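Here is what TrEMBL says about this protein:
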- Asp164: active site, proton acceptor (ACT_SITE)
- Pro112, Leu113, Gly114, Ala115, Gly116, Leu117, Gly118, Ser119, Ser120, Ala121, Ala122: ATP binding site (BINDING)
- 85-172: domain 'GHMP kinase N-terminal' (DOMAIN)
- 236-300: domain 'GHMP kinase C-terminal' (DOMAIN)
Amino acid sequence: MVTASAPGKVYCFGEHAVVYGEPAIPCAIDRRARVTVTERADSALRISADDLSLEGFTVAYDGGPEDRPNVDAPESLLDAAMGYVRESIAQVRDLLDRPEAGFDVEIHSEIPLGAGLGSSAAVTVAAITAAAVECGHDPDPAIVADRAFQVEHSVQDGEASRADTFCSAMGGAVRVEGEDCRRLEDVPTLEFVVGYDGGAGDTGALVRGVRADRDRYDSIRETIDTIGAVVREGQAALEAGDRDAIGRCMDVNHGLLSALGVSARSLDAMVWAARDGGARGAKLTGAGGGGCIVALGDGPVRRALEFSTACEQAFATAIDRDGVRVEQR
Ligand SMILES: Nc1ncnc2c1ncn2[C@@H]1O[C@H](COP(=O)(O)OP(=O)(O)O)[C@@H](O)[C@H]1O
Ligand SMILES: C[C@@](O)(CCOP(=O)(O)O)CC(=O)O
Ligand SMILES: [Mg+2]
């Protein structure tokens with residue numbers, strides 16, 4: 001039995017535009033998904049996920065060619081909920097050339113689902129690591145990041161960048177531009193507050209919507225280019241430790257994400273509540289549509305968010321310098 005954990009993330013800058021080759025800078029945060037994997041004597045896959053918004057359930061796949069789950073829930077719901085774990089196991093079977101390997105997989109996560117904090121990447125990175133280590137193979141985090149990207153790419157119908165998965169595997173602040181992924185070592189300790197509206201967005205659908213508009217409108221292509229320019233300014237601000245400049249870039253980035261159509265009334269309300277509470281900058285994080293915002297600030301910002309009717313939960317968080325970790329083997 002092996003347990004691995006991997007962090008969620010916030011985007012300082014660059015979500016959505018990163019899908020089209022612009023740079024992005026996500027930061028790992030101190031909220032983790034923990035996945036425990038035990039190899040089975042047969043080739044079945046049994047997944048237990050008690051934090052799922054569908055109230056938590058266990059599904060078992062028989063591992064045969066049909067490979068259908070044995071629980072009574074609509075297939076589309078199960079596929080959406082379990083796709084990341086099934087594909088993670090498929091990647092490990094491929095990596096280790098063990099197509100018949102069977103596993104019990106148990107997931108516990110502190111990261112709200114579909115809220116822009118990268119729960120899917122964290123679950124995927126932790127599941128791949130735990131399953132590989134359980135089979136006696138200690139994978140390099142860069143290999144895990146690449147395999148986890150393949151998972152997100154396939155589950156999200158080809159609509160994924162390497163940003164979330166690389167960040168979760170490596171930890172810290174990272175910069176991703178196409179295939180070029182690296183850690184940023186000179187980023188100061190930043191105090192973030194996350195505001196969560198209790199809702200979620202559909203990452204695949206939101207990315208497809210932006211892509212359709214980008215194919216149709218020059219203004220959307222230019223907005224995406226401009227997000228790239230903001231990320232470059234934001235990187236310089238981060239490396240200089242200039243919090244006012246970092247905050248300004250976050251504010252501009254939020255405006256540009258609104259222009260792409262991926263914000264929401266609740267996200268805008270939380271962004272303004274955070275700014276009213278003294279945040280140096282605030283923006284939505286992740287795919288948008290609902291879920292979380294990230295603000296640069298501390299206690300007063302958290303309290304301002306708690307008073308906002310749009311906000312269901314607010315918490316302080318910090319950059320987690322650790323990426324994926326084997327917790328128990
Ligand atoms: N605790 C969990 N247990 C099982 N699956 C999870 C868990 N957390 C996340 N997932 C998977 O990730 C999906 C959410 O990913 P996504 O829409 O990309 O949003 P985000 O990555 O921003 O949280 C969930 O629908 C589910 O498939
Ligand atoms: C919109 C996007 O840039 C980030 C999605 O982040 P999240 O899954 O909402 O946490 C998509 C991607 O980079 O794969
Ligand atoms: Mg995701």
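Glycine residues also receive a Cβ, built from the backbone N, Cα and C atoms like all the rest.
A map of TrEMBL features onto the structure.
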residue : record                       : Cβ within 10 Å
Pro112  : ATP binding site             : 23
Gly114  : ATP binding site             : 19
Gly116  : ATP binding site             : 31
Gly118  : ATP binding site             : 31
Ser120  : ATP binding site             : 27
Ala122  : ATP binding site             : 34
Asp164  : active site, proton acceptor : 34
Seminar exercise, completed: On the domain 'GHMP kinase C-terminal' (236-300), the mean of the pLDDT values is 97
For this session: Using DSSP, tally how many residues of the domain 'GHMP kinase N-terminal' (85-172) sit in helix, strand and coil.
Result: 50 helix, 8 strand, 30 coil
Exercise. For ligand 3, which among the binding-site residues Pro112, Gly114, Gly116, Ser120, Ala122 have a CB under 6 Å from it?
Worked result: Ser120
For this session: Taking ligand 1 as the reference, state which of the binding-site residues Pro112, Gly114, Gly116, Gly118, Ser120 have a Cβ closer than 6 Å to one of its atoms.
Result: Gly114, Gly116, Gly118, Ser120
Problem set entry | Listed binding-site residues with Cβ under 6 Å from ligand 2, out of Gly116, Gly118, Ala122 | Gly116, Gly118
For this session: Quick one: pull the CA-CA distance for Pro112 (ATP binding site) versus Asp164 (active site, proton acceptor), whole Å only.
Result: 15
Exercise. Looking at the binding-site residues Gly114, Gly118, Ser120, Ala122, which ones sit with their CA no more than 10 Å from the CA of Asp164 (active site, proton acceptor)?
Worked result: Gly118, Ser120, Ala122
Exercise. Within 8 Å of the Cβ centroid of the ATP site residues Pro112, Leu113, Gly114, Ala115, Gly116, Leu117, Gly118, Ser119, Ser120, Ala121, Ala122, which other residues of the same chain have their Cβ?
Worked result: Gly8, Ile111, Gly286, Gly291
